[in-house]
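Q: Right, I'll just put the structure down here and ask away after.
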Amino acid sequence: LPLSRRYRGLTLVLTFLCYTSYHLSRKPISIVKSQLHPNCSALNPNPSNDSNSSTWCSWAPFDGDNYKELFGALDNAFLVAYAIGMFISGIFGERLPLRYYLSGGMVLSGIFTALFGLGYFWNIHVLWYFIVVQGCNGLVQTTGWPSVVACVGNWFGKGKRGLIMGIWNSHTSVGNILGSLIAGVWVSSSWGLSFIVPGIIITAMGIICFFFLVEYPEDVGCSPPLHHVITSNEGPLSITGQSSMDRSNSPTEPAEEPEAISFLGALRIPGVVEFSLCLLFAKLVSYTFLYWLALSIIVNVAHFGAKEAGDLSTLFDVGGILGGIFAGLISDYTGGRATTCCVMLVVAAPMLFLYNHVGQNSIGTSIAMLIVCGALVNGPYALITTAVSADLGTHESLKGNAKALSTVTAIIDGTGSIGAALGPLLAGLISPTGWNNVFYIYMLIAADVLACLLLARVVVKEVHGGGGHKEVRGWCGHIVRKRGSSVQLTESVLDGK
C-alpha cells in the first residue's frame with residue numbers, strides 16, 4: 001500500500017481506539033447507579049437490625065429518598081464541566097501539539113475515572129468527593145473529541161468523509177458497549193473496579209497515542225488532503241488555487257503558517273450555529289438514554305438485575321453504530337448532510353413514542369425498539385459531530401485554512417454537550433413523577449422535534465441548491481467533483497498520481 005494510505009489507516013485505528021476508551025470510561029456510572037441504590041429487600045436479610053431495612057445495602061450518601069436527584073447531580077457535574085470545557089478545548093487544540101494534548105488528556109481522564117472507583121475501597125461517603133471527581137473528569141475529557149476529529153480531518157478529504165466517519169464514529173457506541181460490559185463484571189461484587197479498570201485502559205491508550213499518533217501528513221512526507229473548494233476561473237487547477245502559469249513564475253517561498261481562527265470567526269461559518277443548536281437537542285435525547293436507560297429498564301421491564309439491565313441497554317448503542325454508518329452513507333450519496341439528519345429525526349419522534357408505549361411490554365419488543373431508536377437518535381448525532389464538523393471546519397469560506405477544524409468541532413460538540421447536561425438532569429428531576437414522563441413528550445420527543453426544526457433553513461438551502469455532486473474531468477485528467485460553479489479535487493491527487 002502507498003505510504004499515505006498506511007498512515008491514514010493507522011490514524012483511523014488509533015483515533016478510533018482513543019475515543020473508544022473515552023466513552024468506555026464514561027459509561028460505568030450509568031451501570032453502577034443501580035448498585036449504589038439497589039432494591040435491598042430482594043437481597044439477603046439485613047445484617048444490622050438498627051439500619052433502615054429498605055436501604056441497608058445502599059451506598060451512602062445515595063441511600064436516601066432523593067437518590068435520583070443525587071445521581072442527576074453526578075451526571076450534571078460531568079456534563080456541565082464537559083460543556084464549558086469544550087468551548088475552550090478546541091482553541092487549545094488548534095494551538096498545541098495534538099498528540100501531547102490528546103495523550104495528556106487521556107492519562108488525566110484515567111486518573112479521575114479511577115479516583116471515582118477508589119471511593120469504594122477508601123470507603124468514602126461524601127457526596128462532594130464524587131461530584132468534584134466527576135467534574136474534573138468531564139473537564140479533561142474535552143481534550144478528546146476536537147483532537148481526534150482534527151487528526152482525521154487532517155488526513156482525509158471530503159470525498160467519502162460521511163461513510164468513513166460514519167464507520168469510524170462507531171467508537172462512541174463500541175466504547176459504551178465495552179464500558180457497560182466491563183462495568184457489569186464487577187458491579188455486583190466490587191463496583192469500584194467498574195471504574196478502575198476503564199481508568200487503566202484509557203491511561204494505557206493515552207501512552208500508546210503519545211508514541212504512535214501522527215498529526216499531519218506532512219510530518220511523514222505525505223501529501224495533505226485538499227481542504228477547500230477551488231474555483232476554475234483562473235486557469236488550470238492546482239492544489240493551492242493558483243494557475244500553473246502563476247506557480248511557474250513565482251519564486252519558491254516557504255508557505256506562511258495560517259493563523260488559528262477565532263471563536264467568533266468560527267461562528268460566522270455558514271451552518272455552524274444551526275448544526276450546533278440541532279446537536280444540543282439531539283444530544284439531550286442520546287445522553288438521557290446513555291445515563292438513565294439501564295435504570296429505566298430495571299424499573300419498567302421485568303425484574304432485571306444491574307448486570308442484565310446494563311447488557312440490555314447496550315442494544316441502543318448497537319443501533320447507534322448502524323445509524324451512524326447509514327447516515328454517513330446516505331449523506332455522501334445525496335450530498336445533503338442536513339437533509340439526512342432531518343429525515344432521521346422526523347422518523348425518530350414516533351419511534352420514541354412507540355418505545356414508550358409498546359417497546360417495554362416484552363423483552364423481544366424492547367430489543368427491537370432499542371436498536372431502532374438507537375439508530376434514529378444516534379445517526380444524526382454521529383453525522384453532525386463527525387462529517388458535518390469536518391466539512392464546516394474546512395469550509396470554502398476559510399480559503400484553505402485548516403486551522404479552524406478543532407475550534408469548529410469544539411463549538412458544535414460543546415453546544416451539544418449543553419443538551420447532554422440538561423437531559424440527564426431533567427431525567428433525574430422528572431423521574432420521581434413517573435418514568436413515562438421522561439420518555440414521552442415532556443422531553444425526548446419535544447427535543448427531537450426541535451432538533452429537526454433547527455435544521456429546516458439548512459435543508460431548504462440544500463434542496464434548492466442541489467445536494468448531489470457531479471463528476472467532471474479537470475486538472476491533469478483527475479476526477480473532480482463539481483457543486484454549482486466550484487470544483488474540488490478528489491483523493492487521486494493526494495496519492496501522488
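In case you wondered, yes, glycine gets a Cβ from its N, Cα and C as well.
Quick paste of what TrEMBL says about this protein:
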DOMAIN    14-464  domain 'Major facilitator superfamily (MFS) profile'
TRANSMEM  7-24  transmembrane segment
TRANSMEM  70-93  transmembrane segment
TRANSMEM  100-122  transmembrane segment
TRANSMEM  168-187  transmembrane segment
TRANSMEM  193-214  transmembrane segment
TRANSMEM  284-306  transmembrane segment
TRANSMEM  338-355  transmembrane segment
TRANSMEM  367-392  transmembrane segment
TRANSMEM  404-427  transmembrane segment
TRANSMEM  439-460  transmembrane segment
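Have a look at these and tell me how they're positioned relative to everything else.
A: The average pLDDT for the domain 'Major facilitator superfamily (MFS) profile' (14-464) in the predicted structure is 79.
Cβ atoms under 8 Å from those of the transmembrane segment (7-24) belong to residues 1, 102, 106, 109, 141, 144-145, 148, 151-152, 155-156, 164, 168, 171-176, 178-179, 182, 198, 201-202, 205-206, 208-209, 212-214, 217, 220, 222 of the same chain, restricted to positions at least 6 beyond its ends.
With a threshold of 8 Å between CB atoms, the same-chain residues lying at least 6 positions outside the transmembrane segment (338-355) that come near it are 271, 274-275, 278, 282, 285, 323, 327, 330-331, 369-370, 372-373, 376-377, 379-380, 383-384, 388, 439-441, 444-445, 448-449, 451-452, 455-456, 458-459, 461-463, 467.
Through the fold, the transmembrane segment (367-392) approaches residues 145, 149, 152-153, 156, 158, 161-162, 165-166, 168-169, 172-173, 269, 271-272, 275, 278-279, 282-283, 285-286, 289, 312-313, 315-320, 322-324, 326-328, 331, 337, 340-342, 344-345, 347-348, 351-352, 354-355, 358-360, 405, 408-409, 412-413, 416, 448, 451 of its own chain, all at least 6 residues removed from its boundaries and within a Cβ separation under 8 Å.
Residues 271, 274-275, 277-282, 284-285, 288, 296, 336, 338-339, 341-342, 345-346, 348-349, 352-353, 355-356, 377, 380, 419, 423, 426-427, 430 of the same chain lie 6 or more positions beyond the ends of the transmembrane segment (439-460) yet place their CB under 8 Å from a CB of it.
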Q: Count the CB pairs under 8 A between the transmembrane segment (404-427) and each of 70-93, 100-122, 168-187, 193-214, then give me the winner.
A: 70-93
Q: Taking the transmembrane segment (100-122) as reference, which of 70-93, 168-187, 193-214 has the most Cβ pairs under 8 angstroms?
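A: It is 193-214 that shares the most Cβ pairs under 8 Å with the transmembrane segment (100-122).
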